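Q: Got a structure here, written out as C-alpha cells. Questions coming.
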Amino acid sequence: MAAPRQPEEAVDDTEFIDDHHDQHRDSVHTRLRANSAIMQFQKILVANRGEIPIRIFRTAHELSLQTVAVYSHEDHLSMHRQKADEAYMIGKRGQYTPVGAYLAIDEIVKIALEHGVHLIHPGYGFLSENAEFARKVEQSGMVFVGPTPQTIESLGDKVSARQLAIRCDVPVVPGTPGPVERYEEVKAFTDTYGFPIIIKAAFGGGGRGMRVVRDQAELRDSFERATSEARSAFGNGTVFVERFLDRPKHIEVQLLGDNHGNVVHLFERDCSVQRRHQKVVEIAPAKDLPADVRDRILADAVKLAKSVNYRNAGTAEFLVDQQNRYYFIEINPRIQVEHTITEEITGIDIVAAQIQIAAGATLEQLGLTQDRISTRGFAIQCRITTEDPSKGFSPDTGKIEVYRSAGGNGVRLDGGNGFAGAIITPHYDSMLVKCTCRGSTYEIARRKVVRALVEFRIRGVKTNIPFLTSLLSHPVFVDGTCWTTFIDDTPELFALVGSQNRAQKLLAYLGDVAVNGSSIKGQIGEPKLKGDIIKPVLHDAAGKPLDVSVPATKGWKQILDSEGPEAFARAVRANKGCLIMDTTWRDAHQSLLATRVRTIDLLNIAHETSHALANAYSLECWGGATFDVAMRFLYEDPWDRLRKLRKAVPNIPFQMLLRGANGVAYSSLPDNAIYHFCKQAKKCGVDIFRVFDALNDVDQLEVGIKAVHAAEGVVEATICYSGDMLNPSKKYNLPYYLDLVDKVVQFKPHVLGIKDMAGVLKPQAARLLIGSIRERYPDLPIHVHTHDSAGTGVASMIACAQAGADAVDAATDSLSGMTSQPSIGAILASLEGTEHDPGLNSAQVRALDTYWAQLRLLYSPFEAGLTGPDPEVYEHEIPGGQLTNLIFQASQLGLGQQWAETKKAYESANDLLGDVVKVTPTSKVVGDLAQFMVSNKLTAEDVIARAGELDFPGSVLEFLEGLMGQPYGGFPEPLRSRALRDRRKLDKRPGLYLEPLDLAKIKSQIRENYGAATEYDVASYAMYPKVFEDYKKFVAKFGDLSVLPTRYFLAKPEIGEEFHVELEKGKVLILKLLAIGPLSEQTGQREVFYEVNGEVRQVSVDDKKASVENTARPKAELGDSSQVGAPMSGVVVEIRVHDGLEVKKGDPIAVLSAMKMEMVISAPHSGKVSSLLVKEGDSVDGQDLVCKIVKA
C-alpha cells in the first residue's frame, strides 16, 4: 500500500500551477496563496453532501485551495454543489440510489483523478469511516484527510476499539467480547447479564443500527432492525452488545494527531442531549463535570490515541454514570458534526488543522501544543432539522417557501440546504443548519441560542425549532444536568408553542383566491366597492366631534353588571321611553347578506357604535345562524368575535339568540351541552339570552331558560308569533299566546320576548297582543322582535311601544326593510318627542349609517336581489331570515325560475305539517319539504298518498319523529306514520332520550387532534362537530383570516396593488401581488408571487380548473382510529400483513425507511386488516393511508 504523499515527496506540479494561474489569474486563491506557507497542494474534493462540504470549502478557500464537490442526481440543486469551484455528478442519472451515490468509492476516486484532485476529505457519515475508501484514495496517489486505513479499521470497529481500551487499562462497559451476527449470541449475553442492553452497529454511528432493549419481548425484533439498519447505512450488518447504563452523561473528547505520533486534546464536549442515540444539542465544555474526572477522561483519551499513533481529527467518547464513573465507548475516526462548539471555545479551526496535518504539518508547526490550548467561555450547538416533533420527529419533506436566518453577536451558522426554494426530499439527513452560539458563561450562551432559534423563520416544511426552544428552556437544561435519555424521560418537552406562520398561511389563502377566485359559498361576483370605507365623524349635542378612539363607558350594561339581572329588568321596566335593540350586527345582515358580515367590519365601527347607541337596550350580535356560519363560511371563531366585540363595546348589553334545547344547533342536544354552552357564552360576553323554541314547546324552552339562569345571564324567555291572531279561523289565537305566556312566566324570566320571525304581526294585532300581556303582567319587561318583510314593520313596532312594550327591534337604515328589521331612523323619528322616545341621538345614528351604506356595497356579492316589501308574506309566512336563503337554495337546486311555485309550495308544505310555528329549525323543515315537492312535481295530495314510498328530506323525518319537540295540536296523521314507516315516534322532549355528552373526553380529543383545547372549543364541537373540525383544518392551512380586509378576503387585488394587513397591534404586513405564474401541466399548479414587507415570496397553488390526473395517495383521517397512516415520508421496505389478517395491538404492519432511519408501523389496536394500500418499494408521504384495521 502506498504511503500518504507528503509535500516533500510530491511530484512536480509546476506545470499544473502555471496552467492554473493562467486560467485563474484574478481568483481569490491566487491572492490568498501568500498566507499559506505550509499548504503545497492545490485542489481538495469533499466526498459528502449538505453542510459539511460547505464548511470544509470555506476553510479550503482560506488555505488557497481549489474546491471540488460531488453530488448525486437528487442533489443537483443542493447548495454544496454551488459553493465549490467545480462540481461533478456521481455517475449517471439512475445509476445509483440517492444514498448509494455517496458510497460509490470507485466513482468518486475516478472523478478526483480525472480533475486533478490532491486531497480528499470524507466529512462525516457516508464513507468517512470506510477503510477501503481511505486505502483506495491513498493507493491512487492522493491524500486522505483523516486517519490511516489501518486506524479506521481498528478504531472504526467498536469491538476492536473496546479491546484496545482494555489493553490500555481504560474502563469499558460490560459487553460482548467481539462482534455478533446471530440472534442466539445476543440471547446468550442477556441470559448472563440481564436487561437493559444496547445493540450497536459495529461500523458507523449517528444512531443508525442502534437499539435499546429492555425485555425479552423486544429482543428479536430490535436485533433484526439494528442489523438491517447497519447493513443499509454502512454496508455491514455486524453489531455488538453492551450493558445499558441508566441516565448517564455522554462526554466526548476532541483529539488531533499528526504524522509524527503527537496527539493533543481540545477538551471535551457534553453530548448528553440525544434522541434515539442521535445528538440533538451539544455543549462545550461540559458544565458540571468534576475537574478530577475531566482530567482523567482527557488523559485516557490522549493515551488511547497515542497507542495507535492516531493521525488527524478524531473523537474519543465516554459515558459518565451518576456516580461520576466513566466508561470508554468508542473512538470516531472522523470529524464530528459538533466540532463547531470546540472551535468556538478554543479558537482553533479544526478543519484547517485536518487539512494541514494531511499535507504534512506537525502540531508544533500549527502552534497546537497542549500547553497552548485552552478554553474560553461556553458554546452550545443546535441542529435545526425538518422534523416534526409532534409526530415522533418524523422527517418532513417539501419546498422551503421562506428562509430567514438568525445572526448577531456570538451566533455562528453552518448551513446546508437551508434556503428559500430548496426542495427537502426524504433521501437524506433532515438537517438544514447548525446554530452555534458562544458566551462567556453557560447561561449567556443558552440565552443566545434561544434568541437565535426564535429569530429563524422557516416556512413550507415543519422544523424542530419549537422543540429546541422548549428543550433549552427546561429547568434541567438550564441547570446543565441533562442525561442521554433526558428527551425520552421528559414528556413536557413536547408541550410545544410553535411559530404561528401567519404571513405564509395568509399568502396561501391569497394565492388561492388569486388563482381560483373566492370559495366563499353563496358569493356571486366581486364586491362593488373598490375603495376604502370612509368612517363617520360623530358630533355631540353642541356640534363638537366626539373622541371615538376609546369606546363609551356608560350604558345599560353598567346597570346590569353592578346590580344584576333582576335589577336590570326592573330598570328597563321603569324606563319611560321605549328602548331599541339594534340587530345590525346579527339578524339584519343574516336577512339581507346571508349572514356573511365579518368580524373585522364590525370592529371597524364598534367604538362609534358604543357612543351612538349608548342608550340602546342591547346589540344583537351573536348566536343563531351567525355561530355556525362564522366557522362554516367565514372561517372565523365565533368566540373570538364575541371577545373582541365585547372589549370594543363595554357599555351596551350584548344579546344572543338561543334555540332552547338546541343551543345554537339545528336539533336537540343533551341538557349538559346546553348548560355548558350558556356558561361559556356568559363568561365570554353575552348578557341577554333570547331563548325560544321553534315549536313553542314549553318543555324544550324550559331547558334553555334554566341553563341561562344557571349561567347568571339575563333570561329573555321568548314566544314565537305565527299566523294571524285576528283571523278567527287561524290556529294561533290570543288565548293560545296568553296561555303560553302564563306557562313561561312560571320559569321566572327577567324579560318576555315576542319573536315575529316572518314579520306577520300586524299593527292592530300588536296592540292587542302586547296590550293584553301588559295588562296581565304589568311588571314584566316586554321586548318585541320583527321583520319588515311586508313593509309594515315600523307601524307594528310603534304600535307595540304604544301598547306597553319596553324595547323593540330595529336595524341601521341601510340594512333595514324587507326581510330585515324596520328602519331605526324611521322608528326614532316616529317616537321622538313622545313619551316613548328611545333616548338616542338621531344625528349620531344617521352618521353611523353612512358606514353601513358603504359596507353593503362591499358585501354586494351576497345580495338576494330583493327590491321591495312583499305583503305576500301574510300568506306564505316565510321567516325573514329564511327568505333570502331560500331564494339562494332554490337557485342552487335549479328552481330559480320556479320561485313563485316554491312560495306556494311552502304554504302547502306548512299545511301538510300541521301549520307549524316557522322559525329555525322548523322553518327549514317546511322549506326543505317545499323544494322537495317542487323538484319532484308533487302536490299535497301526492305527498300524503305516496308518503310510504317517498324518500323525504332528513329534516322532515327528524321533525316527524319528534326530534325537534312536540308541535301544538300534535303531528299530522296519516302523514307521520306513513313517512316514518319503522322509525320511532317520540312523545316527549328529545333531550330525555339523549345521553349526556362526555365533555372531558371531547376536550381531550380536541387537544389530541389540534394540540390545544379550550372550553369554548368544547362548546363549539358539541354544537357542530363536523363544522368545527373542518374549521380547525382550514385554520391549520390558512391561518386566522379574520384580520384580512374583506375586499381581499372576497377577491384578489390588482397586480401591483399594495395593501396592509394588521396581524396584531404593531405588526402590519405590507403586501403586493406581483405575478401569477403559468400552469404547470405536470402538477396542475401555478406559482403566485407576492411581495411581503419588501421581500418576494411565492406560494404554489392548485389550479382547480386544470385537469391533472390526481396520483396522490389518500390520507389517513385524524380521529378515525381504524385508519393507519405513514408516520413519515419514506420508502416501504417490508410488508408484514395482508388483507384479512387478524392483528393485535402493537403488531408490526410495515417497515419504512427514510433519511437512513427505519421505523416499524404498528397496529394501533387489535382487529382485522383491510384495504392494504401499499406494497414494498412504494414511496409514501407522512399520513398517507397504509391500511385500515377494523376492530375485532
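Every residue gets a Cβ built from N, Cα and C, even glycine.
These came from Swiss-Prot, pasted as-is:
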- Arg334: active site (ACT_SITE)
- 40-492: domain 'Biotin carboxylation' (DOMAIN)
- 578-846: domain 'Pyruvate carboxyltransferase' (DOMAIN)
- Lys755: N6-carboxylysine (MOD_RES)
- 1-23: region 'Disordered' (REGION)
Q: Averaged over the whole of the domain 'Biotin carboxylation' (40-492), what is the pLDDT?
A: 92
Q: How big is the gap, in Å, between the Cα of the residue listed as 'N6-carboxylysine' and that of the residue listed as 'active site', rounded to a whole number?
A: 81
Q: Using all protein chains in view, find how many other C-beta atoms are within 10 Å of the C-beta of the residue listed as 'active site'.
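A: The Cβ of the residue listed as 'active site' has 25 Cβ neighbours within 10 Å.
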Q: Provide the number of Cβ atoms within 10 Å of the Cβ of the residue listed as 'N6-carboxylysine', excluding the reference atom itself.
A: 25
Q: Could you tell me which three-state DSSP class the residue listed as 'active site' falls into?
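A: It is coil.
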